[in-house]
């Protein structure tokens, strides 16, 4: 015996004893050791252990995942992993063929499914649905003699995978269910499991409804005399079956209907038939409850059911006959009612509907793994179905032989491999006899089956003998009386009973079909739907793509017009052919299952049985060919692509390279061969190569990592060195700065110390000096005092003597003079008293003069009332204004800063030597001094000069003559057309020469005011005047001068404003004005600042208003005879007056109405910023120039139409039309409007007559019309009667009279006539100076009206006329308004350049062509598109607004009338104005396009027909997606869109394909940059938005990255450029997986690169956090943790709550990818296919994992995240003692009331917030209150935060602390209540009783083999993958 046969080997090709005995011993040795799996190369041999082995746990799944075949001991998981690995590596579908009945093939299939689901690793619901399909498919399983769970049908499960290797669906195909088992079973066999499951596991109440009992009561279940199965728990299996139905989306109704049909089958089986004695050929149904229950469950009429079972309808050519059936025939008919088979097919279809989702794209090719679990070879109940089963096994054996032997040896020969041919058992002859060659067995059976009358089983057997008796495969009967024939199968001879025809026909009687049709049971009808709807013999098979027809190789072919019903064998052959085709295109793997014994006993090995299975399976030959052969084959290119990393050279041909790799890696490891095109390897060679490849890839990966890390380290070192330099300089700077601070401190310290020392010395010396001085001074004082005392005493003595003598003499003398002095003193006292009395009276008289008298004294020259002005209310807008804090802007402060020299801000009475302010202009200096002189004279501070002689005038000529600029202002005239003749003021000469009005003469107050104000007008920003006035008002005690100054200031404020420099100071100054002046002056200043400076000095009206401090009231005349009084002030403009008039008369169409001033002539003030009082002042000056008095100036204000708009419509405003009409009639009367023809005047007069009097044309009315319309000259030229007659005739013959036209329409006609006829009379005139040469004169007048622009000379001769379309650029507001209005209303445009497009949406046209605009808003003009029609081709399409110029005209222009040069200039002028970016961008894709592009690199306006990049052209799918991605055009506005799409829809269309297909990413970058090159500003701005989004999603390839960076860097001035560069770098790490979220799109739409998102916390608080597009969940968690100052971020996670679900986000995902995924899920849930959907959601930050949570360690986390566990406690989820509840209640009460003891009485009311809901009745309310109060008082002054932490410290000791609780409904465990509570903790999953809180089950995580969730279900498997406990629960969430 060879040593390898002693202990056995894993792979039998390694056996030394390569014979049958060696094979058998190897299996025997391994079987005794409990090793059931053995390899034969890549073929797995599995010996059924008939016991559960511990080799199918999750540890084994992980162990065999991603391992090569042969690395680990043989296992079914290794085959599954190999299939999965090769599918992903070779991109080829795989299949696994599992064979042999009773040997464990069904269990092997389940195990492979379990492994594939585990490897997929998604824990998705679709995976669980596929796994749970097996319990439902056991609908077709039953107990047989050889197998307790035998599949009585075949199935092929095709599992589809995504490109990432995740399961995305499956499809189940079923083959040939054994329907006869429902009616009869062999001894020791059972019916299908589902019947026993239902009877044992169904609830009693449901069984009662269905009238079900035990299995022993039903004949269908007791024929095999076996109703139980050892090792199977029918109750538990039924629960699993019900759970699987729910998982596979079977509704409760579906489940109940299935039970009804199953119960009906059982009741039908108990129906018995009685022989009718009168008619032995007939029978009746015996009375029983089973029959009535069956009819009730089938929902059919009992009579119809009885008739259907006891009679047969026979249809002849002429009639239909009911034939009675005997009892045997009736029993056969009952058994033929194939409800179970149809129900099984319906169940399989329902499963496929749940687990199979067809691809969205039909062209999508899915990768799949197929598992074939089909019936094995059998040799016991040998009927027709068994023949079909064995035929299928012959096909599979041939597939095995062909794949293992035939194809392999043929390929060796073809490739020239030296090979010794191996003989093998080929079953091709058996297949030829059964199905392939003409007149085969199945064809003969079908032929006889198609002749129900002539064809019998005997005739069929006769034909089989006739055609096949001489062959080796077919074994005929031994004699003519035997009905059995034999077939030589690959596994041995099998004899079949020839009763085939009835089963092969597989027909359902028409009576039964009609019965089903009358049923109201929906499920029954669905199961028989094919029979109910079929009208031909074409029947659909299980595979929907196959159509089953009668086999072609039969004896008699049917005629064209007659179709046959398909037979059972025909259907089965078609399904089998489809299966073989599927297997052929897959890479197959084989699992050979071996039965060790026929007794289903563990550890029993039947050598004879096993050797027979090994022999007919060809295992010996398989081992030989696997040992000698080369099962792994690669083409040279495939091998080199796969293992190029193992190559040591870079240049060689493929074959040499392959040999080089093999020689190096496989040296000394057996032989390998190279053929002509392929290399041939052993299985272990492939494993070795894979291992070496992985090692080499790891080495290369390490090398790449090393280089990258080195690069990053170098980058780090560079940045580090730069940081060190920065740090060095920064530290140096900080050190120097700190040194300077210290140095300054030391200097200050030294100074203080020195000063202290000096001060102490000084104090000491001072004290000493004082002592010395005191002593010295005392001594000297005493000495001097003594000397003086002595001298004084001496003098006193002498003096007293002299005085005494003189006194005596004086007394004598005084007595004489005293009397004389007394008389004189009395006289002087009297005179002094009289003088004081007179002075007192004079002062009192002066003090009694009021402010008003002072004003009256100043303006004593004014009359009591001035013509044209009167007091009135303040105009609209004269509201009081609140002053700012102006205290800091004092006039003294301004003077100290800005006054020159020694000038002070106080009042003086001398003339200045220099101005107060500095002036560079000498004229300003002289003007300032002159103004000061006049101001002093006005205030009375200087007397008026007397007339000087001519000789005296020469010395002071500069001061005495009026400046020339003031004189020129006074010598002006009025113009009737242009208005004021604004002559240029010359200020070149500062010295006034010649004779003129002198100032050195007495002037009136008005003249002084005019001179002062005149200087302020001609010299703007001259603050000198205001400063001089304020100076004279500051500290002025002269009352007369003081009041005169404030009046002068008020007059100046109404004419010109101060500069910005002095404004605040002046506002501050006028606050201190006397009386009512502060508000009055402030208002005048505000109005002057608002409306601008005046151009004329104050008028008489203003002087009157200044006197009264009230607004003026002026009268404005309307041409309809009305007059409107309006309040005005000095700053009132014509616009304000026009607006007031319009409001008063309710005029809506105000454009073109202006204010006119009329005196001797009238001129227009317009309706703009012209000052009304300037015009009135000019009128007064004109009257004075003519020798009159100003106050008598006869001026008038008139409101009239000045100019029309080109689009004027009289229907818009009747009031406007009436005013214009009255203006026209008035102009006709006074000759203002003249016509060329006299008839026109007569026609207008007739219309006026009709308007005034209608059809009444009496002579007096006509005469009135003549007076109204006819001017005097015409009236004198023609007699009045003649004119009356002419107007009467015109009125009578008019159309408006005959048609009864309304007067308003006739008015409109008159207005339109005037507008068309007299455009020059409705024009706005401007006097201009020419700067370009075309016109002959330099000065002329420009008239602008609705027709265009007209140039006139001084004599009003027309020089040039221009229409608005001819104007290309203007700076006049009126013309600009006309042009924009015409452009907006125009329907005509001219093409600026030629456009030729193949897109029917875009209009093609030539340059200069006239286009007609269609304004139907089909295209968005905001995005640069408009709908147009070509005037030449009449075609309609979209036109870019950049390519056309909209003509400002309302009538169709005739471009032919324009000269070629004019048309060219029109086009070129507008081409220059097109708002485009630079035509040559700083950087573009030009260089990149030379190598990679197929198209131009600049922007275009048409969609692309093919991708830009060449590498996409060969991929049709990606090419199509690339073209669709050119939606970029729509987003950027470069392509017209009829329907406005939301930005999110467009970004989804752009970015969805590249996020799924990496090859499209460069294409998107190129398309965006292409459209941003040389495009317009609007499109480029939107292009930046797209580029910003793109850079944040995914990076370009290395080839494009450099060009993309250069493209962006060259545009760094753009707002988003720097951010794009930064995002481009961050996206290189890991690209995003999904398109942008709505929040990102909204942000960039607003050009915001910062995105802030609100995050909610469990304690009902929230905060805002910045979230970038590259922010991952873990980054956000860290940011939140840092901001909240949490001790650690471990265990925390981000959750998103939608309206019905809470989603936990993966830490490694991008934040916006996660939000987008949730949005898409919600969108699918709402079944919204397209379009934006607003999904409401909230983002929460909460603790997810409760690991190492210790209350008190992190206070912030305790308060924010841990304490909100309180609701779980109050709901009663935790188990706790009464003492703990009282303690917690006291803590919670403290949290609620914050330690307020006064709230203790409220405890009973808030008890629900303190105690768990299920424990409220544990004590009475008073007891709760008493206990809570006791502990509350013991807690003392505990804070709220401390109470919360104390609560957590109590609950953290409970095992359920931190658990997530779920109330669920479960159906898996019968011992558990229907509603249970699941607690998920850090240790595992615990199932609790919701009421008692008892632990029902506890499952640690390491014991959970599998889990998944989907919809509202959660499923898990505990223990082994094979026999583990399954738990299914359902929730409403």
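These residue numbers are counts, starting from 1, taken along the chain as shown.
Glycine is no exception: its Cβ is also placed from the backbone N, Cα and C atoms.
According to TrEMBL, the protein carries these features:
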- 99, 100, 101, 102, 103, 104, 105, 106: ATP binding site (BINDING)
- 808-850: coiled coil (COILED)
- 907-1107: domain 'MyTH4' (DOMAIN)
- 1384-1449: domain 'SH3' (DOMAIN)
- 1499-1645: domain 'MyTH4' (DOMAIN)
- 576-598: region 'Actin-binding' (REGION)
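Highest Cβ count within 10 Å among the binding-site residues 99, 104, 105: 105. Long-range neighbours of the region 'Actin-binding' (576-598) within the same chain, counting only residues 6 or more positions beyond its ends whose Cβ lies under 8 Å from a Cβ of the stretch, are 27, 31, 40, 42-50, 76, 79, 82-83, 86, 90, 92-100, 102-105, 108, 145-146, 156, 158, 173, 175, 370, 372, 376, 391-392, 395, 399-400, 403-404, 541, 543, 545-546, 604-606, 609-610, 613-614, 617, 619. On the 0 to 100 pLDDT scale, the model's mean across the domain 'MyTH4' (1499-1645) is 84. Residue 106 (ATP binding site) counts 22 other C-beta atoms within 10 Å of its own C-beta, drawing on all protein chains shown. Summarised by DSSP class, the composition of the domain 'SH3' (1384-1449) is 8 helix, 26 strand, 32 coil.
Shown for the domain 'MyTH4' (1499-1645): DSSP residue counts in helix, strand and coil, namely 94 helix, 2 strand, 51 coil. Under DSSP, the residues of the region 'Actin-binding' (576-598) split into helix, strand and coil as follows: 9 helix, 8 strand, 6 coil.
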